[in-house]
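> One structure is given below, represented as structure tokens, and several questions about it will come after.
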Amino acid sequence: MARPKNVKHIFVTGGVISSLGKGILSASLGMLLKSRGLRVAIQKYDPYINVDPGTMSPYQHGEVYVTDDGAETDLDLGHYERFLDESTSQSSNLTMGRVYKSVIDKERRGEYLGGTVQVVPHVIDEIKDRMAELAKNGNLDVLITEIGGTIGDIESLPFLEAMRQMKLEMGERNLLNIHLTFVPYIKAASELKTKPTQHSVKMLLETGIQPDILVCRSEKPLSREIKNKVGHFCNVNDLDVIGLNDCDTIYEVPLMLLKEKLDLRVMKKLGLKKFKEPNLIYWREFCDKVNHPRDGEITIGICGKYTEYPDAYKSIIESFVHAGASNNVRVNIRLLKAEDAEGKTFDFAKELEGVSGILVAPGFGDRGIEGKIQYIRYAREQNIPFFGICLGMQCATIEFARNVCNLQEANSTEFNKRTRYPVIDLMEHQKKVKEKGGTMRLGSYPCILREGSRAYAVYQKFLINERHRHRYEFNNTFRKPFEENGMIFSGTSPNGELVEIVELANHRWFVGVQFHPELKSRVQKVHPLFHGFVEAAKEYSFGKRQMELPVERSAEMPSFMPAESDMGQ
């Protein structure tokens, strides 16, 4: 199999409206090319001025995806990793803020020899250097670059100009542009409208870029007549107009693009020949399990602070898709707003009716903390499968301290610096840190598991590596009273100082982790903790259904009614 002499570049842009799915398109194309034997990497360029998304609100940006090397990046990198089963890195995500920062730093060091620093050429040249960086350092055949934003946005123009110049320098056989547009369906007229796509291509042409391939998102499949019309008015071959209609799950997108022969059109245009046929048997089986689960469905409640915006929990939600397929069930998600549970009259039994497991999600700040703690207490006392991630694990230790260890005023110093029992405290090396951006404990770190624990049972090994994003940790001063009351510290850092995993032995499934397992779950490698949690929730759900059959019933568990002293203020 002959490798291409030069790395081939594919740039993915989007038009008409945002949130069309450029990330899913890029990941799907990358997966198809990889399945043909090509070595593929994907990178994301964001036009905002922030250096990285690490300090951005989840309401504006969604989740922050952390790589092994500690980069805080765009959530689209999660799609890249889940689809390609390849790790990304710091160089996989570039923001305009980082570009400007680099240019200004160079100017301060005198590297421009006293010249007037301008967008053209200095900023554009910096972007071009970064665009080629991954291609130079990686062992690659194809590099896919997703350009964030929508054609017409002012902030995206430098990226587009850099792409235009690169195509001129490299030649059309080494770089192509795939433009993703929207073809709306007008119900009143019962037809698809191509005019928005035509206008989007016109705006792209104004930047000097003629798209090589058009991918058209639509509610309904595109007819041959529609494709011919789009091709005719957008100056592309109708074979290069790819339809991408709505589907039940994002994991069907690669199969739809394969049917539309997008990968073959890309390979032909880039001169890539003699590569194998893709073997997507596993992918088809996975999609079949997602769409037609053998054992029915269960519901998992995700308790969080940002439930109005599900993208804040994107990797967690996708991890449940993977774990559901591996357990032959569909996992339905019920988002639980933590603040709602802080009222004294909150009815947990009603809110959690039909819920077979509770995950308390990551987050920062004191808003909604007492609600999270009450959800954890309910899960612990009612023996409902519980899974806490990062802040969720910290809240679990606070709840355990207050209601089991009788440390009534226990808290985290993040929420109460003068708490009498600081069971969660700022990490020692964080106490002198002043800046917020990029200063947390970030990236992949090793963890040693305790033999005989639930964590060891699901991982089936002693040493694991997981990704982190936190400043606070469990306070080791309180280890003894916790262990005396039944808490197991089943995972720690290799030196034993930092608590990574806590669990309860006398519970159906009660596990809290300081790290972020959702960042390492992939289609072909479901994360063992998510698999185990869904398995426990499935057993709990099916057990409840058996109990509800019309046979002699046992006495029901008493309803949960926390004392006033336990409720948040």
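Just so you know, the numbers here start at 1 and follow the chain as drawn.
For all residues, glycine too, the Cβ spot is worked out from N, Cα and C.
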> Which of these, LYS44, LYS128, LYS227, LYS229, does Swiss-Prot list as part of the CTP site with SER18, ASP153, ILE154, GLU155, LYS193, THR194, LYS195, PRO196, THR197, GLN198?
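When Swiss-Prot describes the CTP site, the candidate it includes is LYS229.
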> To which of GLU409, GLU414, GLU451, GLU484 does Swiss-Prot also attribute binding of L-glutamine at the site defined by TYR59, GLY363, LEU391, GLY392, MET393, GLN394, ARG471?
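Among the candidates, Swiss-Prot records only GLU414 at this L-glutamine site.
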> Please state which member of ASP69, ASP74, ASP76 Swiss-Prot lists alongside SER19, LEU20, GLY21, LYS22, GLY23, ILE24 for binding ATP.
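Looking through ASP69, ASP74, ASP76, the residue Swiss-Prot assigns to the ATP site is ASP76.
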> Have a look around LYS193 (UTP binding site) and count the other CB atoms within 10 A of its CB, chains all included.
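LYS193 (UTP binding site) is surrounded by 15 other Cβ atoms within 10 Å.
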> Near THR197 (UTP binding site), how many other Cβ atoms are within 10 Å of its Cβ?
28
> Return the single residue from the binding-site residues list (SER18, THR194, GLN198) that has the minimum number of other CB atoms within 10 Å.
SER18
> If one looks at the chain holding CYS390 (active site, nucleophile), which residues at least 6 apart in sequence have a CB under 8 angstroms from its CB?
PRO362, GLY363, ARG469, HIS470, VAL513, GLN514, PHE515, HIS516
